[in-house]
Amino acid sequence: TRSLEVDWLDARNICRRHCMDAVSLETPQENDFVKQRISRGNVRYIWTSGRKCNFAGCDRPDLQPPNENGWFWSGSGAKIGPTSQRNTGDWSQTGGYNQPQPDNREAAQGNDESCLSILNNFYNDGIKWHDVACHHIKP
């Protein structure tokens, strides 16, 4: 529901209880569709099913380094292209430290930014993908 705000894991589990999953944006068309809905609804941010593979079983060479090659859609299992290839995905060019996303900014505080959220012009960057620590509360 629109007014419900939870962390990433709770968002995923709520969706799964309804036989669904959080949104996966595997094509530019899907991404544009979701961005249009965010814009029309004046939604500040949402969780997606995007996740960084930084847990047990993620030590495969093709996922290293995780911040560049370890992103995937948990809803479908599809891998997100390398973050170093800026033409894959819709990562923001800025964030809290004015660094291109994903920047894992909260690592300095001991929080890995391993979940993918879409923020609506949060850093004057339009509607873009950002890595966010999974414990943050969002719709």
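Note: Cβ is positioned from N, Cα and C throughout, glycine not excepted.
Pulled from TrEMBL, these are the features on record:
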type     : residues : note
COMPBIAS : 82-102   : compositional bias 'Polar residues'
DOMAIN   : 1-139    : domain 'C-type lectin'
REGION   : 69-110   : region 'Disordered'
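Per-class residue totals from DSSP over the compositional bias 'Polar residues' (82-102), listed helix then strand then coil: 0 helix, 1 strand, 20 coil. For the compositional bias 'Polar residues' (82-102), same-chain residues at least 6 beyond its ends with a Cβ under 8 Å from one of its own Cβ atoms are 25, 31, 35, 52, 67-69, 71, 113, 119, 123-126, 128-131.
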